[in-house]
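**Q** Sharing a structure below in structure tokens format, with a few things to ask.
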Amino acid sequence: MLLLRCRVKGTQNHLILSWNVKGANETVKRKKLLLYLKQKKVDICFLQETHLCNEESNKLQRDWVGGVFYSSASSKQRGVAILTRKNLNIKVHKQYSNKDGRWVAIDVDLFGVRNSLINIYAPNTDSPEFFVDICNIAKQMGNLYVIIEGDFNQVRDPALDKSSSTNNRPKQKSVLTVDTMVEELGLVDIWRLLYSHEREYTFYSNPHSTYSWIDYFLISKQLVGLTVSASIGNIVLLDHTPVETVLSLGPRAREPMTRWRLNTSLLQNETSSKFIKQEILEYGDQNEGTASNPGLEWDAFKTYMTGRLIQHCSFLKKQSIRRLQELEREIKDLEKIYAHQPNLMILSHLSKLKFELNSILHKKVEFALFEFSQDRQLKNVQFCPPPIT
């Protein structure tokens, strides 16, 4: 990852991410995606192929998500959404979208600066008129700062952006229209600007066993000076990678504190179970008979164990995050090797690493779903006073 500039005083780095998720209508998968984005500490997220209708799109507004702006198709296909983090300094003036889930645009003040944010999922056919519409909507909003992200379903430079291609094919009309749009709106492909000769890919086609770069992050030239970094993620959960850019913007609002809750799955974990038993025994040995009131002794024990469990959970969480980061790096390195030297041994190792990463995320989602069900049960419990005797 190339660093363009450091964060300046009075600003903070903010992560903007774009990702074709190929369906977010299944509960566990949606939870897994939102958890992954939360752990990445994403501030603004552009999702494509949500496969959610209008009502279901609101299910994306959970946990860390403060705002959801979407365009949905009539059936469970296509669909795009822009998610914004809670407490992000953003004011939405107007939302634009088409009726078939291909694009959504919002005219916003982001840290007091007017921006046009446009999320697209382009047709996989040669459809130049689609990009003409996108260019026109950007012009209609008329903002100096423009960010267009999404799945363009087009390879702009076959020589660099496809693992196997013939360079003598003429450019499709859609690609020529994108080039025109970039010029007219004063945009740059920020990743290609930083890595002019690198070969990286955002999509893997299983049927063709080929990699290509079809997910782009276009920004106004005026935003280049505010760009800290740009990167292409890993093909981990899906066949598309997330595309990430960090911009140095205003300070993030302070996030509220949350109530700690014991992850009961620790009781099934052998290491954690031993830790808990050991702590109970040690506390009993050191504090037996120190309190005359059994109630006070019980309260003191609960306070002590809560503190020790918070420390233990924090250690496990950091350990889990480190392992996830290690897995992402290993997967990214192997993907690069496999793209140029495909063989079954590398593919098998990749599958094992992806399975491990997916398993870690799945466990986190299971606990999140358990917490959600507990919250619902508590809300439905009604207090019944004891009978008067």
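Note that the numbers count up from 1, one per residue, in the order the chain is shown.
Even glycines carry a Cβ here, placed using N, Cα and C.
All TrEMBL annotations are machine predictions without curation.
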**Q** Which of these, Asn20, Asn119, Asn269, does TrEMBL list as part of the Mg(2+) site with Glu49, Asp151, Asn153, Asp239, His240?
**A** Asn20
**Q** Give me the non-local Cβ neighbours of Asp239 (Mg(2+) binding site): same chain, 6+ apart in sequence, Cβ-Cβ under 8 Å, ordered along the sequence.
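**A** Listed in sequence order, they are Lys22, Phe203, Tyr204, Ser205, Asn206.
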**Q** To see if you understand the setup: which same-chain residues, six or more apart in sequence, place their Cβ under 8 Å from that of Asp215 (site 'Important for catalytic activity')?
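**A** Listed in sequence order: Ser18, Trp19, Asn20, Glu149, Gly150, Asp151, Phe152, Thr202, Phe203, His240, Thr241, Val243.
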**Q** Starting from the Mg(2+) site formed by Asn20, Glu49, Asp151, Asn153, Asp239, His240, give every other residue of that chain whose CB sits within 8 Å of the mean position of their CB atoms, in sequence order.
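**A** Nearby residues not in the site list: Lys22, Gln48, Tyr121, Phe203, Ile214, Asp215, Leu238.
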